[in-house]
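**Q** Take this structure, written in structure tokens, and hold onto it; I'll ask about it next.
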């Protein structure tokens, strides 16, 4: 039996509606995964999509860093981070640290919907684990 994928879902305020639509599109797959998300995004995913989500703090309060820590410990298989490139973020250093951690640990990190869709397809089809291919 394949292991359950562990996926982090994060969305900036102006991208939260996009995240909800994305999660609804991929709900069948996401329900077979262990999900973690920053606070507000996780709450909306639970309430509006009906997904079971481990909620971290909100991004500006350290949620991005909490996800980054789990990623560094090998407990995250992919990050879907719908960023708003048009709005400055007060916690930009935390965001950069999370994306850097994805690069350092060779974890897929989708920052737009097109890439997020491709990551979902790849995770659904991947045997073996994508991280093991380039180890």
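Placed from the backbone N, Cα and C atoms, the Cβ positions cover glycine too.
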**Q** Considering the substrate binding residues 12, 16, 38, 39, 40, 41, 58, 59 given in Swiss-Prot, which of 26, 91 is annotated for that site as well?
**A** 91
**Q** What is the number of other Cβ atoms found within 10 Å of the Cβ of residue 91 (substrate binding site)?
**A** 17
**Q** Quick check on the binding-site residues 38, 40, 58: which one has the highest count of other Cβ atoms within 10 Å of its Cβ?
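**A** The most densely surrounded of these binding-site residues is 38.
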